[in-house]
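Copied over from TrEMBL, here are the features:
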- 147, 169-172, 235-237, 288-291, 471, 482-483: substrate binding site (BINDING)
- 165, 327, 386-395, 397, 419-422, 446, 473, 479: ATP binding site (BINDING)
- 165, 167, 390: Mg(2+) binding site (BINDING)
- 225-324: domain 'Glutathione synthase substrate-binding' (DOMAIN)
Ligand code: ADP
Ligand code: MG
Ligand code: MG
């Protein structure tokens, strides 16, 4: 395929002002070249399959007999270099912040006091936290694997990196995003964009996440003990896990995959609080499940979570780190003066973290909450209303905010927080989805940055930024991730 093809635009496609998009890095004439796009589509799909960028199908979510490629954008999306670097540079600060919050019982108690009165899921997690707090954890080994997500706001003309949230439990796509750079590089080369292909960065979160898991396993200190991935019933995203698993096996660390039911059925603690499941000693529990109410099918699942939390196995995350990732904590951290209490001698760290905060507002009972509610009702399009939930598709936008807020009493209101709506620049890209022809969409991107840290007692033994993830979705969808079928895997093309 030659570069000449770019110069034969098809008139069939209706393009609206594409050329005026300053940040569109992929040439307009290429995006219009239907014949080339069809070729690239085939090449992309094969390349995704060959690099293992896979997901199981909706039809057979627990079988590897028939699988498909994960949703993917045909082209990488532009991300300003300076903001990309900012996101990477702040990652180790966020690791430390989350770790400090997890060790601050008074802060967690206060921050979540109103939430746990109305949100039964957070209350159940908090109940486990309180029980575990009763027990000594002096030399506990802590492993944090998180993903801080950002959008680039350009509402007032200037571009600014703004944090959407930080995920401290089950942050996904570190595995598949370790493979996607190869695919975009290949597509760009075929499209005769050699120079652009060189701009696709290497990325290997799988190795970095596994490094943290391996260090925790080693600190636990028992050769025969295993790393247990605690997984969901439906495992469409298993290949994402497998990349991390395989890194551990390559280090001769055994990995098992178990569900809450398996832990309930066969798990126990010995007199030294060592955790055993199906007869195997567990060094590390890596939660890839347990972040949504529906993950806990019965009281037994909650009992299993408590048992794992009480054990001396390393939990990733432990219950306090899980709670440190709630949206209510995010909102409380954005209050004036709060970051300073965690970094009293580090004004520069505070500045760097705070620079990424969007406006976050409490809806707790009282004057401040009333004021914030009135502000949301007056201009609902400027805000996002967020409950204490994970996994995408839970937030409320626009007029719906008014309907929801007006239907709640002031107690119920406190299960939500309010956040400024980030307005990223939109660009055109083609979507590659299983079973659908490629489709040109106007879309926005969300950048995730993976952090990994290990601490034993007071000693921090690892604190790293271990990679990134770009997810892109159509502007039609306000919410929802890759797993929810809305967003697609992508790569940043630094500009
Ligand atoms: P979850 O834990 O369910 O992923 P998020 O806070 O990440 O919750 O919200 C889900 C999605 O909603 C995000 O991926 C993003 O697309 C959108 N979103 C969340 N907060 C904002 C915001 N402040 N401005 C614009 N979009 C947002
Ligand atoms: Mg989340
Ligand atoms: Mg999210």
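Each Cβ is built from the backbone N, Cα and C atoms, and glycine gets one as well.
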* Asked: Can you list, in sequence order, the residues of the same chain other than 165, 167, 390 whose CB lies within 8 Å of the CB centroid of the Mg(2+) site?
  -> 147, 149, 166, 168, 169, 171, 291, 325, 327
* To do: Sort out for me which one of 387, 393 has the most neighbouring CB atoms within 10 A, since those are the binding-site residues we care about.
  => 387
* Structure fact -> Candidates 167, 236, 290 (binding-site residues); nearest Cα to residue 397 (ATP binding site) turns out to be 167
* Asked: What count of other C-beta atoms do you get within 10 angstroms of the C-beta of residue 167 (Mg(2+) binding site), across all chains shown?
  -> 20
* **Distance [Cα-Cα, Å, rounded] between residue 147 (substrate binding site) and residue 387 (ATP binding site)** => 19
* **Cβ contacts of residue 165 (ATP binding site) (under 8 Å, same chain, 6 or more positions away)** => 148, 149, 325, 327, 330
* To do: Tell me, in order along the sequence, which binding-site residues from 167, 172, 471, 483 have their CA within 10 Å of residue 390 (ATP binding site).
  => 167
* Asked: In terms of DSSP three-state secondary structure, what is the assignment for residue 290 (substrate binding site)?
  -> coil
* Asked: If one measures from the C-alpha of residue 393 (ATP binding site) to the C-alpha of residue 483 (substrate binding site), what distance in angstrom results, rounded to a whole number?
  -> 11
* **Cβ neighbour count (within 10 Å, all chains shown) around residue 471 (substrate binding site)** => 22
* Structure fact -> In DSSP terms, the domain 'Glutathione synthase substrate-binding' (225-324) comprises 41 helix, 25 strand, 34 coil
* Structure fact -> Taking all protein chains shown into account, the Cβ-based neighbour count within 10 Å for residue 290 (substrate binding site) is 24
